[in-house]
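A.B. asks: If you look up TrEMBL, you'll see 6-65 marked as domain 'HTH tetR-type'. What TrEMBL lists as DNA-binding region is 28-47. According to TrEMBL, the region 'Disordered' annotation covers 172-197. The compositional bias 'Polar residues' annotation in TrEMBL covers 176-186.
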Amino acid sequence: MARPRTITDERLLTATAAVIERVGPGFTLAQVAREAGVAVGSVAQRFGSKAGLLRALTEQGRTQAVERMRTAADAAESAESAVRAALLAVFGELGAAGDSGVANHLAQLGTDLADPDLRGLLGLHYAALRQELSGLLRAAAGDGWCGPAPDVAARVLLSAVNGAALHWSLRPGDNAGSNRAGSNDTGSKDPGSNHTAANTAAANTAAANTAGANAAAANTAVASDDTAAGKGTLRVCLAETIDVIMKGWLP
């Protein structure tokens, strides 16, 4: 009889996300092993290679993101607020990584997109989120709905939120300083959550170009507003981006 596993995949993948947050795409299996408190051979035996580890992390991220969207939507008070809550549950996590952590996750994803297998997995990640969001928008699109069809609306919102997250990460000033000092963002401190959020951003960039004009319009509205959304936490910035778009679609 095979011996039960004492080292779970979850433990190794959580360690991987934490190392990526600190080091970026140059991380090694040895660093992951140290973070997890295991021998490097345990990591190599389980996933085969660094590429195998990244594939497993990306697949886990898709599952986690969908679960977070559903949990947040179920807890929302209305169909309209469920859309906002679901998006924030995924994208808002990235703000907890800090400036260097965000940069490292995005750098890793830039590397992932050059790999055909990982790029394909990121496309599946995006498709899963779009499907979940389409269902929520379908529930919100009652009488008087002025927006596009739910599937198109999902592409628009995902592109806009992705663009707003990138805008926030690049914006100089108050948000960068507060994040380095210890962000007030209420997102998760789990590095795996942050990597999931970064995966979402990268997948949207790759797959939602058809909604670029709508995203640009929404981002312009947010960027030109000198409110807390422009200078505060990522969650605040994302919430305002979502509200700008949904306000034009709801009766």
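Glycine is no exception: its Cβ is also placed from the backbone N, Cα and C atoms.
Where the annotation comes from TrEMBL, it is an automatic prediction and has not been curated.
On a predicted model such as this, the values are computed, not experimentally measured, just so you know.
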A.B. asks: I'd like to know the mean pLDDT over the domain 'HTH tetR-type' (6-65).
C.D. replies: 96
A.B. asks: Of the residues in the domain 'HTH tetR-type' (6-65), how many are helix, strand and coil by DSSP?
C.D. replies: 47 helix, 0 strand, 13 coil
